[in-house]
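What TrEMBL lists as domain 'MTTase N-terminal' is 1-109. Under the heading domain 'Radical SAM core', TrEMBL lists 137-369. Annotated [4Fe-4S] cluster binding site per TrEMBL: CYS151, CYS155, CYS158, in sequence order. If you look up TrEMBL, you'll see 372-434 marked as domain 'TRAM'.
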Amino acid sequence: MNVYDSARMEDVLKPLGYEMTDGPDQANMVILNTCHIREKASEKVYSELGRLKNIKKVRDENNEMIIAVAGCVAQAEGEEISRRAPYVDMVFGPQSYHNLPEMIAKAHRAGDGKGRGILMTEFPAEDKFDHLPDPVKPEGYSAFLSIQEGCDKFCTYCVVPYTRGAEYSRPTAHVLKEARQLVEQGALEITLLGQNVNAYHGDDGQGGEWSLGRLIRELAEIDGLERIRYTTSYPAEVDDDLISAHAEVPQLMPYLHLPVQAGSNRVLAAMNRNHTREQYLEIIAKLKAARPDLALSSDFIVGFPGENDRDFEDTLDIIRQVGFIQAFSFVYSARPGTPAATMDLQVEKAVANERLQILQKLLGDIQTDFNQSCIGKEFPILLEREGRNPGQLVGRSPYMQPVHVDAPLDFVGQIHDLKIVSARPNSLGAQLVDGERKRA
Ligand code: 5AD
Ligand code: SF4
């Protein structure tokens with residue numbers, strides 16, 4: 001989401017004459033687009049700001065360089081940032097980046113000061129998407145499209161409902177228009193984005209609403225759109241319509257990020273996840289019945305308050321049962337203002353770290369096994385760019401594995417059926433199949 005947001009900020013800034021630089025050394029303005037999800041991410045902002053302050057001191061005698069903090073740390077800690085780093089000029093949350101021109105004008109009017117003190121962290125009534133320019137050309141052949149923002153789920157560990165605000169779905173006409181533009185500009189693959197993407201219920205302009213399943217079916221009608229993905233989903237919102245879209249829409253990739261976080265019912269309840277382990281497994285069974293080649297990835301939190309050895313065993317067990325081929329896993333991080341931060345029985349860091357290592361080893365083994373099991377199979381591979389070695393191209397499998405293949409340069413930007421011939425922990429090697437012809 002932050003990658004997408006940064007690209008949209010770039011879209012807003014281009015008409016003002018701004019261009020990307022290779023690093024802060026050459027920049028007139030530096031925007032840190034920040035993440036507040038765990039303490040480590042949050043704290044990184046302050047060390048980065050210290051670095052920028054020094055660059056500014058060395059380089060910028062007239063104090064012209066603008067230092068800005070955007071994103072969820074800005075949203076959550078606006079005043080705190082100005083206090084801890086008074087030299088920061090602009091602080092603005094994820095709902096405000098369409099106001100960048102106005103903020104920059106204000107910054108310039110404020111003169112060459114140290115810390116121009118501009119703060120924008122309210123949730124404005126207007127739809128920021130209505131005020132953003134059309135996206136400029138996506139980089140490469142795979143594009144992001146934000147269709148939903150915010151979260152009403154209030155998992156007890158999570159800051160997102162506070163930093164990103166309530167759930168909001170973009171109207172269907174806007175999404176379709178942006179998707180068509182992206183395809184016209186060369187995108188073969190679109191990943192639909194939302195903090196809670198499967199809670200999508202976009203206004204269709206005729207008094208009705210489309211679910212995510214319906215939206216995917218309509219997107220699949222766009223000529224030239226070869227691949228559709230969506231992320232991130234909330235298990236309790238996976239409905240039958242979405243499940244049947246997985247059966248009916250061939251462009252929908254057989255790979256789904258469906259975070260379960262933990263495998264113990266006690267912990268899931270304490271997390272306020274709104275489903276049991278059994279219900280999660282049932283959703284997976286239905287999805288796999290609809291699309292037998294579906295593979296899953298997940299997020300995990302270990303060391304949630306009250307998690308004991310048996311609970312942790314349940315998490316390992318659900319990992320073995322589902323066989324997640326990819327995952328992001330984290331030690332629980334207490335976030336100020338969330339209910340879990342003040343729960344009893346906080347787990348010791350050392351215990352949580354040990355559990356994380358065990359969990360990551362298991363996940364790594366499953367990923368390696370899955371990659372090995374791909375050898376000998378043929379997959380459609382979206383060839384995205386040249387590789388490091390001469391004559392080599394790099395692409396993505398339906399399961400998001402990077403794939404290396406020796407192939408002609410003009411295959412870049414096309415999808416080819418390739419035979420997988422080797423596997424590494426994080427990538428695959430492939431060969432052209434005899435008689436392979438262009439697909440896209
Ligand atoms: N501590 C650790 N991990 C967290 N996540 C969200 N909040 C926390 C927290 N307080 C993880 C969840 C979520 C992912 C984006 O970040 O696993 O799915
Ligand atoms: Fe956070 Fe996701 Fe839970 Fe929403 S559903 S509160 S974004 S973990």
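Using N, Cα and C of the backbone, Cβ positions are placed for all residues, glycine too.
Bear in mind that TrEMBL entries carry predicted annotations, made automatically and left uncurated.
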Under a three-state DSSP reduction, the secondary structure at CYS151 ([4Fe-4S] cluster binding site) is coil
Surrounding the recorded [4Fe-4S] cluster site, with Cβ no more than 8 Å from the Cβ centroid of CYS151, CYS155, CYS158 and those residues left out, we find LYS153, PHE154, TYR157, VAL159, VAL160, PRO161, GLN195
CYS155 ([4Fe-4S] cluster binding site) has its Cβ surrounded, within 10 angstroms, by a count of other Cβ atoms equal to 22
DSSP assigns the residues of the domain 'TRAM' (372-434) as 5 helix, 33 strand, 25 coil
DSSP, reduced to three states, assigns CYS158 ([4Fe-4S] cluster binding site) to coil
The answer for which binding-site residues (CYS151, CYS155, CYS158) have a CB under 6 A from ligand 1 is CYS158
Residues in the domain 'MTTase N-terminal' (1-109) per DSSP class, helix first, strand next, coil last, are 66 helix, 14 strand, 29 coil
Counting across all protein chains, other CB atoms within 10 angstroms of the CB of CYS158 ([4Fe-4S] cluster binding site) number 21
Around the Cβ of CYS151 ([4Fe-4S] cluster binding site), other Cβ atoms found within 10 Å total 23
